[in-house]
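Trainee: Before I ask anything, here is the structure I am working with.
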Amino acid sequence: MDDVLVTASLLFVAAAATAAVFNRDPARQAVVLSLLGLGLAVAFTVLQAPDVGLSQLGVGSALTPLMILLTVRKVRKVRRTEKGAGSGPGSGGGKRRR
Amino acid sequence: MSVLPYAIAGWIFLAGLYGLATSRDLVHAVGCLSVAQSSTYVLLLAVGYRRGGTAPVFSDVKPGVRVVDPVVQALALTDVVVGATVTALLLALVVQTAKRHGTVDPDELFELRG
Amino acid sequence: MSRRLRLGVLAAGLLATAALLAAAFLELPAFGGARHPYGDRAVEASLARHTANTVSAVNFDQRAFDTLGEETILFSAVLGTVVLLRQTRGEHREAPEPASVPPALRRYGLAALPVTLLTGLYVIAHGQLSPGGGFQGGVVVATAFHLLYVAVDYRALERVRPVGLYEIGDAAGEAAYVLLGAGGLLAGAAYLANVLPYGTFGTLASGGTVPLLNAAVGLEVSSAVVVLLAHFLRQALEIEGGGERE
Amino acid sequence: MNVWLGAAALLLAAGLGPALWGAVRGAPGRRVVAQNFATLLLCLLFLLLAQGYGRPAYVDLALVVSVLGPAGTLVFARLLLGEEDRDPPGVRWLTPVVVTGTAATVLPLCVVTGPGRATVKLLVIGVLLLAGGVVTTRAVRRG
């Protein structure tokens, strides 16, 4: 039974890692990376390393996605400001959701 | 079964490298780097695993039972958290690049340089 | 270099790396083998010092100096991020518009914040007993505050999070670790040696210096993550203006 | 043959596998729903593993998922979903799946554990999971 769980969780991790690489849009990649983090936590637990699993859960479930999505938002904002810079002083404002 | 976990660690590492090298967006590249990094944790824990062993934490089992290797776990656990802060540093560099050059596409950045 | 040539070079490099990895993996001891000399000695040493969680014992006792290095990497990474993400000339701050949040979500955020905080502190405090410790619990504690941003409003988060205080907390955690190490020298042993009485096995006060170093790491990690996220949030939500271009 | 580990393997293959499939393709709304499913199932998976390995200490992982999982989904709901992602497909299944899944996992575990501190911890995790599931469904629905 142990071997079945180890194999299944590692295959899940390998699939999630491959999918994360082939999702080229960073915001959508963040969702896949969060699933990769959860999968790694399971794999660590079935390899009898709950300490590492906890560490991975803390980092992967909320912290890393939050940082990536905030970076994506900032990069988009900078690009928008640059594009609108020629058209007048009203650029860069606009309505945005937070 | 005896090399499958090592092979999976190798696969994750190579997949991460491939994504890093072909990335068209620096934020995506940072994500791929963290994928490649996670392969090291899988490899370390696979090396330390012992069949039929349990976690080397004696809060709810008696000392003397068969346990897996705690040394590799200690190595992996600190690196997971420290790795996240290094990811943050790289993302901060990406923000700075976007501000300076108005793009985060490595190819366009290369052309800007001349 | 053309795109096709680049892909060719990449493919050759990846294949060569794959071959090297395969050769190395075939020489490794088989997965799940019974022989773990370092692990067995680490468990013995940890039990001799009354620490139930041998992983924490390795981190904060047997390899405490290595953890000091890791902590310093963390500290410098945070320092670098803060420097890179500071407000520059030509940028100004604009207060973001308040978010409209359904009352149920707001109630959940306010109720889950103390529960998450408590969970994080529990994970830190039981580092030497059950799975957990300063690294893991610190991240949970820091995430707890950001429930206010995702479930309530950015301004609610800003009210409970004076960033300056957390910057001090980050430095204090690092300093506490270094000074606790020096305590070993004062007691006439080596730097970061476990010089305190080991206590009763399986209680919160067991393990000598392990719980103290663990708490120092918890303080540093939680403050560090709060500071990091504060700067990312400020850049993404408040700071406007492109900054100076070359 | 350990029933709990068997159930965990089944949950991993039949629960987390499809969740990964949903999270890697399609519109952001669909992906976030899949991510939310994954965190909720993960919590149940950790409870089953803790029982299967006979290690009550592993329950801490489920506790951490039950508070951080919803936080992660709320991050995506706040920063990734837009107006066009209102009411993504599959979201109406979230609450029923959470309620049945939690009841089907936590109640048998409580019976096996018997009264005591461990049961209280299990019930706390169950309540957190239900509250998190209901609230994240609302947040994802709004887009």
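Residue numbering: from 1, along the chain as shown.
Placed from the backbone N, Cα and C atoms, the Cβ positions cover glycine too.
So TrEMBL lists the following for this protein:
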SIGNAL    C:1-22  signal peptide
TRANSMEM  C:72-88  transmembrane segment
TRANSMEM  C:108-129  transmembrane segment
DOMAIN    C:112-226  domain 'Na+/H+ antiporter MnhB subunit-related protein'
TRANSMEM  C:135-154  transmembrane segment
TRANSMEM  C:175-193  transmembrane segment
TRANSMEM  C:213-233  transmembrane segment
Trainee: Over the domain 'Na+/H+ antiporter MnhB subunit-related protein' (C:112-226), what is the model's mean pLDDT?
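Mentor: Across the domain 'Na+/H+ antiporter MnhB subunit-related protein' (C:112-226), the average pLDDT comes out at 89.
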Trainee: Under 8 Å for C-beta pairs, could you tell me which stretch among C:108-129, C:135-154, C:175-193, C:213-233 has the largest tally with the transmembrane segment (C:72-88)?
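Mentor: Between the candidates C:108-129, C:135-154, C:175-193, C:213-233, the best contact partner of the transmembrane segment (C:72-88) is C:213-233.
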Trainee: For the transmembrane segment (C:135-154), could you work out the same-chain residues 6 or more beyond its ends whose Cβ comes under 8 Å from its Cβ atoms?
Mentor: 96, 98-99, 101, 105-106, 108-110, 112-113, 116-117, 119-125, 127, 160-161, 217-226, 229, 233, 237
Trainee: If we skip the immediate neighbours and take only residues 6+ beyond the ends of the transmembrane segment (C:213-233), which ones have a Cβ under 8 Å from one of its Cβ atoms?
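Mentor: Sequence-distant neighbours of the transmembrane segment (C:213-233): 56, 60, 64, 67, 71, 74-75, 78, 81-82, 85-86, 120, 124, 127-128, 133-135, 137-139, 141-143, 145-146, 149, 154, 157, 161, 163, 166-170, 172-174, 176-177, 180, 192.
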Trainee: Residue list, the transmembrane segment (C:108-129) vs rest of chain: Cβ under 8 Å, 6 or more residues beyond ends.
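Mentor: Sequence-remote neighbours of the transmembrane segment (C:108-129) are 51-53, 56-57, 60, 101, 136-145, 147-148, 150-152, 202-204, 206-207, 210-211, 214-215, 218, 222.
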Trainee: As a quick check of your reading of DSSP, tell me how many residues in the domain 'Na+/H+ antiporter MnhB subunit-related protein' (C:112-226) are helical, how many are strand and how many are coil.
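Mentor: Taking each residue of the domain 'Na+/H+ antiporter MnhB subunit-related protein' (C:112-226) in turn, the totals are 81 helix, 0 strand, 34 coil.
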